[in-house]
Amino acid sequence: MSPDLDTPLIIALDYPRLDQALAMAERLDPSRCRVKVGKELFTRTGPRVLEALHGLGFEVFLDLKFHDIPNTVAGAVEAAADHGVWMVNVHAGGGRRMMEAARERLERRRLGTHLIAVTVLTSMERDDLIEVGVEAEPLSQVERLARLAQQSGMAGVVCSAQEAAALRATCGDDFLKVTPGIRPRASSADDQRRTLTPGEAMAAGSTHLVVGRPVTQAPDPMAALATIERELAEPS
């Protein structure tokens, strides 16, 4: 993992097949973005996709959102780190003991993978939380889980852009805030509800931005990425 890659952009390779993911990755520049591998792609391809992306020079965020008993999650996180991924995540809802077990496993092995936690999925709104027995407002639940994640030694959390400012106040600037659902100006909201533009998200406090279809479905993905880079460079 390169300590010198200076970009907040993570491109989501949301494809069902290895050849599709690699075809897109080959159109991207690993010096200007990282890539994210999610559940469907990893379940269909296994570690081959990580090996191939690393071979192309990319740092990889393995977005599998582990949530299980502490020892099982610790083993899964260790396995991900052994594959050389830059970042991996767990569900903060799994609790303090689960998160601490995962962190301690990485520390014991001296593995440098960033371990972050998922708070509230960006597709979930107030009514969705009530249906699963959470009476708190989404922001209150995010703050509660982010504090727990930080106390448990996580490097950061996944959070929506609207929540980033509150989490910067709650957890500080050094606590990573990885924000999916990012849409450049004039993009549709697709299926993630709590969305802001890249510039708005970074101004709010996000440290990393996950972008999918606005780049991967563009006729020229690097031109689309360059548009986002220009937007980020504009004065806020």
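Note that the numbers count up from 1, one per residue, in the order the chain is shown.
Each residue, glycine too, has its Cβ placed from N, Cα and C.
The model shown is predicted, which means the values in this text are computed figures rather than measured ones.
Feature list (source: Swiss-Prot):
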type	residues	note
BINDING	Asp14, Lys36, 63-72, Thr122, Arg183, Gln192, 212-213	substrate binding site
ACT_SITE	Lys65	active site, proton donor
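Positions of the features from Swiss-Prot, shown on the structure.
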residue: Asp14; record: substrate binding site; DSSP (3 states): coil
residue: Leu64; record: substrate binding site; DSSP (3 states): strand
residue: Pro70; record: substrate binding site; DSSP (3 states): helix
residue: Thr122; record: substrate binding site; DSSP (3 states): coil
residue: Gly212; record: substrate binding site; DSSP (3 states): coil
Round to a whole number and give the Cα-to-Cα distance in Å for the pair Asp14 (substrate binding site) and Lys65 (active site, proton donor).
-> 15
Starting from each candidate's C-beta and looking 10 angstroms out, tell me which of the recorded positions Leu64, Lys65, Thr122, Gly212 has the most other C-beta atoms.
-> Thr122
How big is the Cα-to-Cα gap, in Å, between Thr122 (substrate binding site) and the residue listed as 'active site, proton donor'?
-> 13
Show which residues of the chain containing Pro70 (substrate binding site), separated from it by at least 6 in sequence, have their CB under 8 Å from its CB.
-> Gly94, Arg97, Met98, Glu100, Ala101, Ala102
When you measure from the Cβ of His67 (substrate binding site), which residues in the chain that are at least 6 apart have a Cβ under 8 Å away?
-> Val73, Val90, His91, Gly93, Gly94, Met98
Count the other Cβ atoms sitting within 10 Å of the Cβ of Asp14 (substrate binding site), across every protein chain shown.
-> 18
Take the C-alpha atoms of Gly212 (substrate binding site) and the residue listed as 'active site, proton donor' and report the distance between them in angstrom, rounded.
-> 18
